[in-house]
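Q: Below is a structure I'd like to ask you about.
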Amino acid sequence: MTRSSRRLVSFVAAATVATTLAACGGGDSGGGGGGGDSAENEASDIGITEDSIKLGAHYPLTGVAAPGYSEIPTGVQAYFDFVNANGGVNGRQIEFVYRDDAYNPTNTSQVVNQLVLEDEVFAIMSGLGTPTHNAVTDFLNSEGVPDLFVSSGSRLWDDPEEKPYTFGWQPDYEIEGKIIGQYVAENFPDAKVGLFLQGDDFGEDGSAGARQFLEDQIVAEETYVPGNTDVRPQISALQAAGADFVLGFNVPSYTALSQLTALQLGYDPQWFYSNVGSDPVLVGSLLARFSEGAISDASLLDGVLTTEYIPGVDNPDNEWTQLWQRVWDESGQEGELSNYRAYGMSQAYTMVQALQAAGQNPTRDDLVAAVEQAGGEWEGPGFAPFRYSEDSHAGYSGMLVSRLLGQGSEELTPVLVTDNGDAEITEAENEPASPPESGIPDEEPIN
Amino acid sequence: MSDLQTPASSPTAGAATSDAPSTATAASNASSAQAAGGRTFLPRNTLLRHLLVLVVCAVAAVILLESTDLGFNAQIGYVAFYAIAAGGLTLLTGLNGQISLGHGALMAVGAYTTALMLDVDEPLPLIVIFLAAIVLTSLVGAVVGVAAARLHGPYLAGATLALAVGLPGLALYFRDFLGGEQGLTVSSPERPDWFVEGIRTLSGNSASGVKWIAYIAVACLLITYFLLANLMRSRVGRTWRAVRDQEVAAELAGINLGTWRVLAFLVSAAAAGLAGAVLALVVRLTAPTAFTIVLSLSLLTAIVIGGLGSLLGALIGSALLVFLPRTLRDAGESLNMDAAQAAEISYVVYGVILVLVMLFAPAGLVGSIRLAWMKQRARRAGARTGG
């Protein structure tokens, strides 16, 4: 067997077999190899070569859920481009492959199959949507593919026993509901609260959290089914129940629909939309579209209350927003920096932290161990710390309440942190982190 | 009841009358023409002939699955469940002339049945679960069929559309039982040892869960098509064609139109139920967002583009549903478009291709080829008699 054919055999083995350390040690010009402290990059697992790491994701790039959400991957891509231009992670360039699932679980499972089995990604990151991502967690966990930082506040992603490879990222809807509920109970003790909920776990978890504090104040609970665009029955029911404070756990298009419907009904309560439904830029453009131009911006949203857990474009003075602006401008992609792009960049930042912590030649299991062991300490754009540990795969632990004013916002509370169940709500102890000078995190490997 | 030979079911008449209501219709009768024509190496007996084709297809499927990688194996699973449902729909629409916009909802019945029956400590054998999915969906199909039998054209489309819109809502209404918007995860059935051993001795490949599901899907597809093909070429199939083409004549011949229409709906619902069961295994989740009207329309697209009334057409149409968008998207990405642009463009091009097929091959891909072949044969026959 000639030297080159031996190398070819090793290469094929490396590409197909999961545990390839030994195979590559052989292919690595005969000598060396294998040692954990070796300073050379090796193809240590599927999706990792000496000079690249391949990551995969799924988003709704077309269809009803595409407005807004389809911008997230452009943000992720922009940040990875920025990191790659500055030398990548351990000298490896990050290759980010994302595909459209049109928010249909059948498509999601199809494209994730393709990402894992054909594109052979090292890990899946930032997969968006509860029903869509729910279709692939079993597959990813049975294949041992890290499934990091799911873009959804469902509590489904925090199940280390059944789904050891899956991790959430944003604060889940239940703790968001708790923080909102406590704020409303303290600041609007006389308000008659009506709930406007999406009819799935998003609305359910949010409502369960809020009810811990608002049970006595709630006068009505109305649920909408996504896809049915007539919310007049729900809004008039809230009006009829005498609710002067409406708390919405809904997606942006339903923020726009509920505002327009309330306007038609002459109904003017204090509105509080949870984080998901409150992006002023997107809601403004949806309002303009739904009202056929009668309303041209988000001025309807002035004075609306909401929550925030990462800095966005409404805080142009924030150092992180300035970093994202710089990264976005350098990426040369079309369009403006938006909150959705800032969201994607924040996730990409966490992903880089995870890859650094996983070590120079990580396996898929090293990456999971890195998030479990180091993730709770990572500093980044998020206002509150992550809850990652071996027993918890839940993401950010808290958020703050703010008021929308024009395209900007005003903070009304300090950062509040909590956990699921009846865990107490406290003020965050950590200082908000500043971005590193280089704009790229620098995490120690865990081993 | 005597063996009914209405004009339309007679192959020569179907082929010769070029002014038949639909060219696709004539084309769908072509292989019975071939069978009657006789000059072929295949056995004359329909059942034997179909058995032979079944065996050849099964061998071809195994070779295909073992010579391609796991990623392709997985895609085959998607083709299979679309094709099973499209096969049933082609019987209903192509053979019996009823249009259904509700087959996506019928698939949901099969899928939810499977998900629920697998979600227990000791699930029943898969074959029992599949049969239960088929039976339950057939019952729903029969109920819809009874209502549908009195309706025609757009009215029927409307009634079945209501099914497509309404049925997924049940999953939201019975949230505790059916999982609501986030759906029910489907626990993958364990692959048996004999399968792992078998694959290892056959091809040396390791038999992963994905491969096991792909084999189940392909087996279901082959069995369904074998049964449907026999049914379509039998007296039952001829009666359905008679009901479609010559209502009055069929009624005069003593055929009860309503009964036969309900029967067609029932058979096609059974196929949709099995397709839903396979979908549940392949996708590993049953959620309402997967069974919207888009799914029903995709199935219609598949049978129309493939060739109305032809099982081969339904299969080709289903393969196009799975492979065309992603091929277009990959092509877009290789032209340096970002993923969002490529995804959007792929749908546009997909639409354009559909329109072009409708314009230039109104009988669908398979139907058009058959028509061309039949015309040539007729010309040759004409030349012979003339000379």
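From the backbone N, Cα and C atoms, a Cβ is placed for every residue, glycine too.
Just lifted these from TrEMBL, have a look:
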| type | residues | note |
| --- | --- | --- |
| REGION | B:1-23 | region 'Disordered' |
| TRANSMEM | B:47-65 | transmembrane segment |
| TRANSMEM | B:71-92 | transmembrane segment |
| TRANSMEM | B:124-148 | transmembrane segment |
| TRANSMEM | B:155-174 | transmembrane segment |
| TRANSMEM | B:212-231 | transmembrane segment |
| TRANSMEM | B:262-285 | transmembrane segment |
| TRANSMEM | B:291-324 | transmembrane segment |
| TRANSMEM | B:345-365 | transmembrane segment |
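In the displayed structure, how are the listed features positioned relative to their neighbours?
A: Proximity of distant same-chain residues to the transmembrane segment (B:71-92), defined by a Cβ-Cβ separation under 8 Å and at least 6 residues beyond the stretch ends, is recorded for 64-65, 98, 100, 103, 107, 210-211, 213-214, 217-218, 220-221, 224-225, 228, 231-232, 240, 264-265, 267-272, 274-276, 278-279, 281-282, 298-300, 302-303, 306, 308-311, 313-315, 317-319, 321-323.
Remote same-chain residues near the transmembrane segment (B:212-231) are listed as 46-47, 50-51, 53-54, 57-58, 61, 65, 73-74, 76-77, 80-81, 83-84, 87-88, 91, 126, 130, 188-189, 191, 195, 237, 267, 271, 274, 277-278, 281-282, 311, 315 (criterion: CB distance under 8 Å, separation of at least six residues from the stretch ends).
When Cβ-Cβ distances below 8 Å are used as the criterion, the transmembrane segment (B:262-285) is approached by residues 74, 77-78, 80-82, 84-85, 87-89, 91-92, 95-96, 98, 100, 103, 106-115, 118, 129-130, 133-138, 140-142, 144-146, 148-149, 183-186, 188-189, 213, 216-217, 220-221, 224, 228, 231, 236, 240 of the same chain, each at least six residues removed from its ends.
Sequence-distant contacts of the transmembrane segment (B:345-365), counting only residues of its own chain at least 6 positions beyond either end whose CB sits under 8 Å from a CB of the stretch, comprise 22-24, 27, 301, 303-308, 310, 313, 316-317, 324-326, 328-329, 332, 337, 371.
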Q: By Cβ distance under 8 Å, which residues at least 6 away from the ends of the transmembrane segment (B:291-324) in the same chain are close to it?
A: 22, 24-25, 27-29, 75, 78-79, 82-83, 85-87, 89-90, 93-95, 99-105, 107-108, 111, 160-161, 164-165, 167-168, 221, 225, 228-229, 232, 350, 353-354, 357-358, 363-368, 370
